Amino acid sequence: MKLETAYNYFEKLEKDERLQNYISQANSRYILYIANEPLENFPHYTVNLDEKCTHIAFSYLNCGWRFFLEKISDEATKCMEKASEILEYLYAYSDCEKLYKEYYRLVCSLAYYISAQYSKSFIILGKYNSDSYIGKITKLFLTRNFIELERQLEIKYLKNDEETSSENKDNIIYEKILSNAFLHIINFIRTGKMESLESSKDMVRDLITLADINNEPHMWWYFRLLYLVFEEYEDGSLWKVVPPLLDNDDISAKYIYANLYKKKPITEFFKSQRECLDGELLKNDGFVIGMPTSSGKTKVAEVTILKTLTKSPGALCIYIAPYRSLANEVEFSLSSMFEIMGYQVSQLYGGSQTSPLDRQLTKQANVIIVTPEKAKSMLRSNKDLKDRIQLVIIDEGHLVGFQPRYITGELLIEELKIVLKKNNGQLVLLSAVLPNISDFSLWIGEDDKAKRMSVWRPSSQRFGELSLARNTVNINWEGETPSYNKNFITPKLVKPERITKTGRKYAAKYFPADKKEGVAATATKMLDVGSVLIYVGRSNMVLSQARIVSKLFEEKGIEHEWRNKNDWLFVELACIEEYGEDSEILSLLKQGIVPHSSKLPTEVRQSIEKLMANDNPKIIIATSTLGQGVNIGVSTVIVSNVRLDESNTVKVNDFWNIAGRAGRAFTDTEGKILYAIDRNKSQWSIYNQIQMKEMYFKYRNIEKATSGLYLLLRYLFILSEEFEIEYSLFLELLAENRESIDEQKAVEFFSEADQFLELLDDTLISMDIMNEANVLENSSSWIDDVFRSSLAFIQAKQDQSFSEEKMIEILKARNSGVIKLAGEETKWHSIASSSVPLRASLVIEHRIDELLKYVRKYIDSDKSFEELLSLVMELDIFIDSLPISKIEGIEIGANFSEIREGWFSGTSIHILEKRHENVRSICNEYYSFHFPWIVNAIAQKIKLIDCQEESKVLEQISLFAEIGLNNNKSVKIYLAGIKSRNCATELSEKIGMDNDLVTPVKELLLEFFNLCVVKKEDCSEICFNWLKLLNDEKEAKEYVKVKRRSFQFNIPFDLHDNLLYIKKVQSEIWLCSFDYKIKIPVLKEKALFNECSDIPDIFLRKEKGDVWILDSHNPYIIFY
């Protein structure tokens, strides 16, 4: 087909409404197939729809082939993707029994791969079954099962040809040439040698010609598509993408091998990753990346980090994750990649403050993962660390707004910009939901072009309505041709109509009776498609919905088994620690039902998230907490309720964060999002529900991310107008702290404004230090340099009522007031390093002698547990007196003494709960977060006046409070992985230690575990289970240890790469070149070769003369 003809034909295909309607019908029918709709319920589709659509698909393939040859990539990709979608609709559902389905599935998979839809290609091949050699090795290649592919090729080349070849002579030729082509592309994957890739493409071109000569169109199409697969493999391959970005061949190869030899090999980058990994963009001082959920942001972060460490080996890279759960996930991902390359990755332990343990870890680390609160504390209290920072990555960067945490996070970024500018470092912001990305690129990169945005996803999405009418659920799927699952859930009689002896009539009861039951029944039926997430707006809805699902599971006999035994054991132990043996949460989890919300205790939530990420839950019931960053995917999302309270609904961007979980890479070609509508309500309610659904389903309705600082300053300005304070007097009021206007007005203004000013004031004093305000003629002149590039300033430009100049004037005025409040410059460091609000910091300064007296009393005592509790009590009383926002519902009263004693002694919360109300809030919110935050601030202040011993005591107590223990040994054991306070206490009495780091403690725990196993050392059952979990995690590492050996022999052949691969077929061992042109049987020292012949990619590398050394590209093989 000529190019002009291809264009004309492609245009005709796209514009022909009749043909496009056939495709829409096939799509509409496909969802009915995969949702197991009975055939009798199908609407009347066009006669011979399969034949018509198959012809259309191959027409697209024909156009795509021509476009690819002419390097017209956009049209080529569109043709291939359209063709593969059509073939998927026709032949890729589970119960398909159509003629030639396997061939069309193979073609579908190849076309998906060519269009860079690697995930969809992988999934379709999972449904492909073929007994043919060609089909098998193609599937092995595209599903990245390189170990089995090489085994098949070994058999082909090292066994008798008659045993492994087809009976058909043409097939024998095809198989030989194709096998050779796969050998060469495997060599390209292993070595990055382009000549091997080119050779493989040349061989496939020969096969295209041969199939044409033999007049075998089915093989001709297969070879054409395979040729384009190899072309795409070149474009997407790590060998093509990574080296130009890193500009260091050695580091590039290490990174590629670390990806290639993972248990699930990564050999290419997604299209979204290639779109965002731009060499020119990476040169910017800052840039923004916008990519949908599950599109591979972490890989973009990896390459950016690696580029920094390649350029500056001693640099420190900081990854800021908004939540601990996401930080845990990122640490696992980054450490599994970088530690094999020799880089140290650490997630800093604990909550919001920097501990001595954190400082030790940062000295050794190349990459640290922190929450914003920890980053703020670390930045202000560790100058040496600050000077090392060369890269900061902000994940979930759209989280700005008027919430206090978002405001302080945004101000932290402004501080980091100052540090990075001084260090010539780089700032990167990642987000999945960022409609106004240009505002952020101007903020982060100071350039509208400092951004890349991709809308590509590894799976498509289908939206629909779950409609409950009376006791029936119908599903209406949206699309060019809508489709319907009518009577998806039909009524089931629960209790028949009855009349009592008194004549009172009771109506019959049916299931589902309400929307909750309808949602539960739909979710249960949708398990045929894959796992389901039910979204509810409020935490108190999670368990009630989960109970309905649980009851359904019991009725239907649905059982579940978690495949990952270690992760499940972690969940069991965490639940027992928090709730005791009789735990409703644990009972639900045993059924494969996962309740998830912010109300879960930290260790339980994190253990559940790890379990979900590594395994396959059946049904998850969750709030928006699950949408923020945690990488958990499902096949179907059902939005059951969007109400947060009577007047507020979930934001559109939170909806899309949740919707983004539908469609798992390498599991689902399509994610399904259902919005539940209760049509049993009034007409007005139904209308409102439909309006809400339509608003959420339109991506363009996502709220723009608005600067919290801008909103805060605008609020202060509006507040001044409400109190009728003239603008000039308002500025004086901020600068003079109540002294410039009528006292009553000042008191009223600050009573409203103080809670917002406390979010800003300590950052201003920290920035005063960074900008050396004390030596400036005007101590606030630096405000112009810093905040005219802020997000607040950029967005204030768009506000006519509150201009950007007013914003700068308000900041300057407030900075003057802050400097007056802070007093002499010698106190500034103390205030900034404390990381608490300015007013609270000043009170601490004023009462520092009183605090020192309490601490010294403890130091001079016998440091018993009672003395520790006495010091904690004094600190509780002091914290309660501070002018700082209190935790709602918590008052330090008489019952605190028993709770305090129980918490610090390691008593499980579920036991304390039996004795006192509100225990969880006191322990998890006050002692685990609020108390350590303030006590650490005190520790930082007294350290600056050279009271080192007193500071160390307070830092220890802060860590004790955060975890709920009372000595360093038990804390180290807890942090090393024994996430039970009871067990950490027990083990601390059995194990001796003197090292301050966590890693050696792990080694001591593993040694003790071996003693428990071998010598039956005394240990409780639950402690033994925690130790076993720690031991199993160590053994689960991907490393293989092999003894490095050398051999001496001579071969009369020229080897291009001086490598001989060790191959074994049955009992025979061979040394072979990668293409098997050289095959040497091993006759001597067979046992030595036998030890490593089953290890993939192990070879002999020729050294000097006749000496050969055992070696491998695989970094997970450790030679000793």
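Glycine is no exception: its Cβ is also placed from the backbone N, Cα and C atoms.
Here Swiss-Prot flags 278-452 as domain 'Helicase ATP-binding', drawing on sequence analysis.
Sequence-distant neighbours of T298 (ATP binding site) (same chain, six or more apart, CB under 8 Å from its CB) are V330, S333, L334, listed in sequence order. As annotated by Swiss-Prot, ATP binding site applies to M291, P292, T293, S294, S295, G296, K297, T298, with the evidence given as sequence analysis.
Annotation comment: Swiss-Prot describes 395-398 as motif 'DEAH box', evidence class sequence analysis. Across the range of the motif 'DEAH box' (395-398), the DSSP-based residue counts are 0 helix, 0 strand, 4 coil.
According to Swiss-Prot, the feature domain 'Helicase C-terminal' maps to 521-710.
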Exercise for review: Would you count the other C-beta atoms found within 10 angstroms of the C-beta of G296 (ATP binding site) for me?
Suggested key: 23
Point to revise | Protein Cβ atoms within 10 Å of P292 (ATP binding site), excluding its own | key: 21
**Study point:** Extra residues within 8 Å (Cβ to Cβ centroid of M291, P292, T293, S294, S295, G296, K297, T298), ATP
**Key:** S272, A432
Check your understanding: Averaged over the domain 'Helicase ATP-binding' (278-452), what pLDDT does the prediction give?
Key -> 92
Practice item. For S295 (ATP binding site), list the number of other Cβ atoms lying within 10 Å of its Cβ atom. Key: 24
Check your understanding: Looking only at Cβ atoms, how many others are within 10 Å of the one on S294 (ATP binding site)?
Key -> 24
Review point. Near T293 (ATP binding site), which residues of its chain come within a Cβ-Cβ distance under 8 Å, counting only those 6 or more away in sequence?
Key: A432, N631, N657, G660, R661
